Amino acid sequence: MTRFVFITGGVVSSLGKGLASAALAALLQERGYKVRLRKLDPYLNVDPGTMSPTQHGEVFVTDDGAETDLDLGHYERFTGVPATRADNITTGRIYLDIITKERRGDYLGATIQVIPHVTNAIKEFVLDGNEAYDFVLVEIGGTVGDIEGLPFFEAIRQLGQELPRGQCAYIHLTLLPYIPSAGELKTKPTQHSVAELRSIGIQPDILLCRCDRPIPREERRKLAQFCNVRESAVIEARDVESIYDVPLSYGEEGLDREVLALFGIEAANAPKLARWRTISERVKNPEGEVSIAIVGKYTGLKDAYKSLIEALTHGGIANRVKVNLEWIEAEIFEREDPAPFLEGLNGILVPGGFGQRGAEGKIRAARYAREKKIPYFGICFGMQMAVVEAARSLAGIEAANSTEFGPTPEPVVGLLTEWMRGNELEKRAAEGDLGGTMRLGAYTAALAPDSRIARIYGDTVIQERHRHRYEVNMAYRERLEAKGMRFSGTSPDGLLPETVEVEGHPWFIGVQFHPELKSRPFEPHPLFKSFIEAAVVQSRLV
């Protein structure tokens, strides 16, 4: 029997519903249950693919090519289970599907309404394909009271009535703010949030209370009384040093035990959390530290690089070091000398991005790393700019540039118009739509057996996730390789470059894919593990 747990949020946004959902899933997994995580997003975009990273944060790409919410990254990292396009849906996607059906005549002239058509579509999404799971955890984006979230709250309310008794539960994540002048945590915002939730027909079974200090017994009793939950169901979600402490914290508070009790399951054994304790210990007690520069264009919102940050942390865990991140806006290097910003750092990473802004700054960062023998990791756009830099500085192609920025006589990077997905040829046009038209999802790459990157992977055939519209031009391969920039990995047909590396450099690698999307705390991605290892070596030379 599949059981459903719906996770909602109240009082303020950005409380960490995604992390809470992922942590609960990890706890249930450690008890031996099969868990699925899903996300309902109330915004009207069909997917986050065309949304600004500075507004929405990272776009997390799945193996099957879906552009999804960054919370799916938390789901994968905490559970180790790859997400799919079937694990995330938006209001925009639902409306698009419904309107397409209406235009086709599928509704036979019926009046299309939010209830029942939109709510039914939400319910169908939630209920579909769960036969293999013991628990399905469904996170509802946004905050209770948001207008755009009402159809989702109504849908999960209806599911509470339609599912068999004992098959559905609700967790409400809320905030207990501390007021210094009063010297106490305040429960009133949570009471009002729960009242709002109850007004639309949902009674939470568990309160997950974010706070920065212990909840006094009297405040727990007050919350239980006025929010109509058991006192044992008032769970303290206190701030922790690392997100990898969250499962440990929730486990100590008994969140998983309380969830099992809701479904009448006797929790015979405690979850096996030894590996989480190991991760926590390594994060808290590193044996050294390194400093990495991230030269990007969305540095104002760190969530734009969420998976990247975590992958670097995983590399640090693997090498038992703390990874300090120095965030540098790429445009600065277009006006100033990079040296004062990059001197003394142990590695330089240029992540993915779109557009011309900051591109020349990234090129200058790549040149500095190459000339100063500092470990360099270029991801997607970061690889492309490293190749442009090598074309200009090493191969003497002064006009080398990307057609993404406009016409150029030397298109070292150009628009990717066709490629193979398995045995099928996919095509795109320059004038086509932006949404969902990139090279998206997992693709296979073939690595040169004697290359550094093949040694790092321990294999010559790999599969990584992509999200890009432009690609390095293979017509320049011979001239670049003659100057020491090796095309060490390509698509299986040899037509598309996937990785480059600079020969004679301690560690200079560019990849067209996004390896950060597949890194896990218990399985650090080999490239990030190796990059941080190279940074550790560099730190001993400074």
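Numbering starts at 1 and runs along the chain as displayed.
In case you wondered, yes, glycine gets a Cβ from its N, Cα and C as well.
Binding of UTP is annotated in Swiss-Prot for Ser13, Lys186, Thr187, Lys188, Pro189, Thr190, Gln191; the matching candidate from Lys39, Lys123, Lys222 at the same site is Lys222. Within Glu329, Glu331, Glu404, the residue that Swiss-Prot lists together with Gly353, Phe381, Gly382, Met383, Gln384, Arg469 for binding L-glutamine is Glu404. Note on Ile147 (CTP binding site): other Cβ atoms within 10 Å of its Cβ, all shown chains, come to 8.
For Cys380 (active site, nucleophile), the count of additional Cβ atoms within 10 Å of its Cβ stands at 22 [all protein chains shown]. Largest Cα-Cα distance over the residues recorded as binding CTP, namely Ser13, Asp146, Ile147, Glu148, Lys186, Thr187, Lys188, Pro189, Thr190, Gln191, Lys222, equals 31 Å. Rounded to a whole value, the Cα-Cα separation of Thr187 (UTP binding site) and Lys222 (CTP binding site) is 8 Å. Other Cβ atoms within 10 Å of the Cβ of Arg469 (L-glutamine binding site), summed over all protein chains shown, number 17. The L-glutamine site is set by Gly353, Phe381, Gly382, Met383, Gln384, Glu404, Arg469; from the centre of their CB atoms, other residues of the chain with a CB within 8 Å are Gly352, Phe354, Cys380, Met385, Ser402, Val413, His468, Tyr470.
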